[in-house]
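A.B. asks: The structure that follows is given in the form of structure tokens.
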């Protein structure tokens, strides 16, 4: 029988509810429990797929092809369970489902209201999401409720959580509330009043937290914890101090040392084995004691908001942990490269162009790719980064000076990258799209197995097959592949059904390490295992650094 831990937030957003939930889940998993996580987003969008990265950050793609909140990426990095579409849902999905039921007459003529119809639907989604993991036998499901207590958008979700707790009875539900304890420099002290008011607001809804996670820029002294305990009406040992850490992988140990997992297990009447966090300690030690150091230039248009590349940044850090390397990331605005300024690329040990959409900044990215190719700097292109590498090669090596993508120029003489109009999805179903199709939910999404060409860099990295996740509408145009191959490019992986290029590379005679992938490998990297492609990329950067030194 699955038990539930609801994780809520107060005072301000962006306190790290996702990291807190994932860290607690990691501790519970280390105690031998089967754990899953869900994220409830209060916005009315059906999913974040069409939301601006500047507003929402990264869109994380699950194995089954769902476009979800970036917190699901944290969940997969901290626990062994794979997230699915059912692990993330929004107000938009809830209302869409209820309205469909009303149109079908399932409510038998009743007036459809927020309570009970919307809140019942939320509960059904939560229980269905929890049942989708571990063959329906998860011991604990942690449910992160997006937004901040007091926001009107979050109220139906909080009410649904309260109703679930009442319906399931004691010891089936626990509540963890994350709040802010700011340090006021002019007063020289931490202020607990925002936390007091946040808990008061939560209790007005009918929810009393089992534990409080108090975020601050420093450890919270015992006297302040005692004060919070008094006003929040919870024991002092349930007031957990969560201070700023230089690595998110230190958080599980921080929470465990203060007994959060013990409190939750006692509340839920669970008696698992003691926590074993030795793996997390080993990862932190590897991160803090590197033997090498490199700098990678990430060339993109969302570089002012690194949340847009959250999984990619973490994947590079994981590769650093597994190669004893400190990976520094230099964020380079691609638009600045369009007018020159290529000198910023000279100190870099490697260059990376991540995924993205739209024409803005693409010519700057192409200039960075040309620099990497001509100066033998290790290069990794992901999704759009592979497409632009093909365009750059077509223009400057294969003689197609007008080469472009139809995403950026419909009139290009050489559309070496074009819209996918038909492909077979991971379940064998034929999908068809056109330029007039809706933007939402119409991309090639999810994991797909693809054979790899023998004797290539791709084969040395992945072996005979690659299984990675996709999120894109455009593909390398097969019509131009023979011309590109005649000029020296190697297409090292193709989809088995449509023969679409999945990986490209340059041979060793042209470049020491130049690889492009149409998929998103960052979505499957974990701190436990790293990722073979990113490890190979970091090793190539180290080799290039040695060549420069020599």
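If you go along the chain as it appears here, the first residue is 1 and each next one adds 1.
Placed from the backbone N, Cα and C atoms, the Cβ positions cover glycine too.
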A.B. asks: 13, 151, 152, 153, 191, 192, 193, 194, 195, 196 show up in Swiss-Prot as binding CTP; which entry in 101, 110, 227 does that record put in the same site?
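C.D. replies: Swiss-Prot lists 13, 151, 152, 153, 191, 192, 193, 194, 195, 196 binding CTP, and from 101, 110, 227 it also lists 227.
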A.B. asks: Per Swiss-Prot, what member of 356, 446, 508 joins 384, 385, 386, 387, 407, 473 in binding L-glutamine at one site?
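C.D. replies: Given 384, 385, 386, 387, 407, 473 bind L-glutamine in Swiss-Prot, the matching entry from 356, 446, 508 is 356.
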A.B. asks: For the ATP site that Swiss-Prot assigns to 14, 15, 16, 17, 18, 19, which of the candidates 69, 71, 135 is also assigned?
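C.D. replies: Between 69, 71, 135, Swiss-Prot records just one in the ATP site with 14, 15, 16, 17, 18, 19, namely 71.
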A.B. asks: Return only the integer: C-alpha distance in Å from residue 144 (Mg(2+) binding site) to residue 18 (ATP binding site).
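C.D. replies: A Cα-Cα distance of 7 Å.
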A.B. asks: Using a 10 angstroms cut-off on Cβ to Cβ distances, just flag whichever of 15, 152, 386 is the loneliest among these binding-site residues.
C.D. replies: 152
A.B. asks: If I take every residue in the region 'Amidoligase domain' (1-270) and average their pLDDT values, what number comes out?
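C.D. replies: Mean pLDDT across the region 'Amidoligase domain' (1-270) comes out at 94.
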A.B. asks: Among all protein chains shown, how many Cβ atoms are found within 10 Å of the Cβ of residue 144 (Mg(2+) binding site), not counting that one?
C.D. replies: 28
A.B. asks: Reported as an integer number of Å, what is the Cα distance between residue 227 (UTP binding site) and residue 473 (L-glutamine binding site)?
C.D. replies: 55
A.B. asks: Among the recorded positions 191, 193, 227, 473, 520, which residue has the fewest other Cβ atoms within 10 Å of its own Cβ?
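C.D. replies: Ranked by other Cβ atoms within 10 Å, the recorded positions 191, 193, 227, 473, 520 bottom out at 193.
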